[in-house]
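Here the structure comes first, spelled out in structure tokens, and everything after it is commentary.
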């Protein structure tokens, strides 16, 4: 069967041009469908805010077009379908039917699908930005047809929203961008480690970072501050030492080592006579981010970790109101018990009093006997506390002499101690070592590649120790942990009434970090 239009005429040439235009239009619609629809709204917003200059421009042109994804999809598919359906009709006019079918399939497959989709997959952002004005015209032309269909899709599938990565996916995404992954990323190992640690910190609680109470270095309330105790504190190298009363788990406060600089070891002043600070108590289920936020307020950089025995008895499986109990979680103030905070009721000032102070109405007042008092408004204004507590806050001081020993609920069992350094180590996912550390990991007893020696101690302490022969024996400091022998605690032979300066026979000093242990055996035996 011959073609309807003879070859090489004007009509024939017009049909050929139309066929080429239809193939190009179909290919453009197919390429834009893949290229534009593969660009998520979140990806475009990221490029607009933090992409390269050219990518920002391209993403800014594409975003208004891609914003209504269902409308764009319907417009591009309608245009593609019209071109593909019209192509065989024009081919049938200039070639035989069998050749029209063969040519239409070949042209659509090669130039209408494969080539444009391959190009738009690679350069989708650039091609989409160039063709954005043309797509806007198509949206207007096909609006009467595409808009109703897009609304049906919105009703059935919902409007398209940007899909955000979950936490686990985001960590994997960051790891892929590390230079160690070999995928062309430029993130260093430290950068990926810190980002991953920041993402994982939300899932970790105080129980994951604390130092067990059996490994924490602490002092008894009635410990005499003699040469032995001061040497032990010096060799441990901690800046804060918890203080307990009778039972090692009954920690009532802490003492700053810098406050002991002026102590005369010959007077053997009891520890209870020194200025001590209150120590916060945190639940073992409290997230590390909340603990870090509390530490940043300046109340304290160390806290006692307790376990609520009542919560253990009411497990989710046996509790009748397990679902409601999860909904009614404890607040941050209930998990982080800071006795150093100021009572709110003590400093509540009414709006009228504040107005009087600001307007000067409180500058003069009358006492109970009717006498005028000048400057009372100024005094009231100065008496109002500042929002930020200073370091010398009287609420943070533990007055043992004038107040009873603090007592705590019996259902709260002390299980460990946590410091700001512990939280930072979990964030960095690396151990922070200082000059006094012997072990990288106190549980696995991995030794640090540094050796503490008596030369590291101050010369004054060394000379005093050497001159006072007989006052300190090696077994007095044998409570310090050594890698080859289990630590034991023995009382001092020079004074039978002295109490050991450590709380537990198996305790290893670790106030600054759960992975930090004291100096090695040579240093403590020399002292």
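The backbone N, Cα and C atoms fix where each Cβ goes, and this holds for glycine too.
As annotated in Swiss-Prot, N-linked glycosylation site applies, among 475, 493, to 475. Among 315, 473, 495, the residue that Swiss-Prot annotates as phosphoserine is 315. Swiss-Prot assigns residue 39 and residue 119 to the same side of the membrane. Mean pLDDT of the predicted structure over the domain 'CBS 3' (366-435): 67.
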